[in-house]
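Notes to accompany the following structure.
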Amino acid sequence: MKSTVTKIAEKTYQLPVSYKDCMRVPGNVYLDELLFENLQEDVFEQIANVACLPGIQKYSLAMPDCHYGYGFCIGGVAAFDEVTGVISPGGVGFDINCGVRLVKTNLTKNDVTPKLKELLSEIFKNVPSGLGSKGKIRITKDEIDSVLEEGVSWAVEEEYGWERDIKHIEEHGKMKEADPTLVSDNAKKRGLPQLGSLGSGNHFLEVQYVDEIFDEEAAKTFGVSPDQVVLMIHTGSRGLGHQICADYLRYMENAAKKYNIKLPDRQLACAPINSEEGQKYFKAMSCGANYAWANRQLITHWIRESFESVFKTSAEDLEMDIIYDVAHNIAKKEQHLVDGVLKNVVVHRKGATRAFGPGHAEIPSDYVNIGQPVIIPGDMGTASYLMHGTEKAMEQTFGSTAHGAGRALSRVKALKLYTGNEVQEALQKKGILVMADSKGVIAEECPEAYKDIENVADICHDSGISLKVAKMKPMGVVKG
């Protein structure tokens, strides 16, 4: 298949429509030569399969951190016409609104280093983590409906945060289309005890410091400066989101047959966006997204309390404001230019970050001249990046960019090659403290299991789909 792929621009490759009879649009992939050579053939197959779905616009896209996934590849992006297109749970994923939040402080690396172990211990104690972890709060079935409907607004009303937090969250932390009646009792049952917990796998809380500034104006606008300590939170909708996806995958398989949609892969089960089935999934998925935003909000609150406890200063005085919060597993109703015409589309981003350019109405007013903040986390031993969206992303990728480093090794392979103790000791030698619910998670999430984040960030920057603002390096990590 790679023999049919051509390089069409800087760090951009294209899979032609001639590759597969059913392809309606070409597939564009953002890679450099090294990642192109190493990318699995089956990822190209998944990109081609998505290009076969009804109503797809312009391109089937894959970001630099792409790898094999369920239905869409991880790192896959596709926009579908709101009238003729489809919506697919395989284009969102099981962890609905898995996403990343960046919180700033007015502390420096030197302020935090002497108290880092105490701080990590306090965070580890205050934020439940690990497989099957349960949150510290207990909510009723009626209350979970409020969470699913209101998202971050519910958390702020319950005094888990500040009113001003809301403006620096994608969608203001609330998908308005959410309808809790379309979420199964089983999904709610899974979500009830887990609200306010980190979960396991690649989810993490990380204490970082700003190592390098690339764009002084953007950094000043976003409120970051050299040696400043920031917090990164990476988690999603826990078991509730997983159950919503599982419930609707079965539902969508029947819908695809009902509407005579020819699927190149049954994992791409879908329904017309405006059908009863399509609308039900979109509204249930919106509930999962709202749960995830509320989840990150509760965790933010407990991290603020952890800092207050260790530094004997209020979170307000520590200036612990949210820089931004982005979703990277979601489907969104957006407007984009397609062949010079402004169209209503539903953009699927699965392991991809929204990256709206300067001037867009949905960007917070204090950031509108720069572009939307984009947060691209690395792994436990490497840097993370704060970037911003661009007009080029609006033109080429429906305002989308990468979401992280992307896996290079499966969890099973990582466990065979490394032990948790080895990884923990190696990180400690680099001055990075790690706390986790299990040593197995540390091994599974070792730095070697991921692609080079520097490479991914460079491709995004060089191709112009997002631009570097700052580079952060880890000081301490809490893993699920």
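In case you wondered, yes, glycine gets a Cβ from its N, Cα and C as well.
For the Mn(2+) 2 site, Swiss-Prot lists HIS234, HIS328; matching the candidates CYS98, CYS446, CYS460 against that entry yields CYS98. Among HIS203, HIS301, HIS336, HIS348, only HIS203 appears in Swiss-Prot as part of the Mn(2+) 1 site alongside ASP95, CYS98. Neighbours of the Mn(2+) 1 site: apart from ASP95, CYS98, HIS203, residues of the same chain with C-beta atoms within 8 angstroms of the site's C-beta centroid are GLY99, GLY199, GLY201, ASN202, HIS234, THR235, GLY236, SER237, GLY241, ALA292, ASN329.
A simple Cβ count within 10 Å picks out one of the binding-site residues ASN202, ASN329 as the most packed, and that one is ASN329.
Cβ neighbour count for CYS98 (Mn(2+) 1 binding site): 26 (other Cβ atoms within 10 Å of its Cβ, all protein chains included).
Sequence-distant neighbours of LEU205 (GMP binding site) (same chain, six or more apart, CB under 8 Å from its CB) are ILE123, VAL127, SER129, LEU198, LEU231, MET232, ILE233, HIS234, ILE299, ILE303, VAL477, VAL478, listed in sequence order. Here the recorded positions are HIS203, HIS403, and the one with the most other Cβ atoms within 10 Å of its Cβ is HIS403.
Taking the mean position of the Cβ atoms of CYS98, HIS234, HIS328 as the Mn(2+) 2 site, the remaining residues of that chain whose Cβ falls within 8 Å of it are ASP95, ASN97, GLY99, VAL100, HIS203, THR235, GLY236, ALA327, ASN329, PRO377, HIS403, GLY404.
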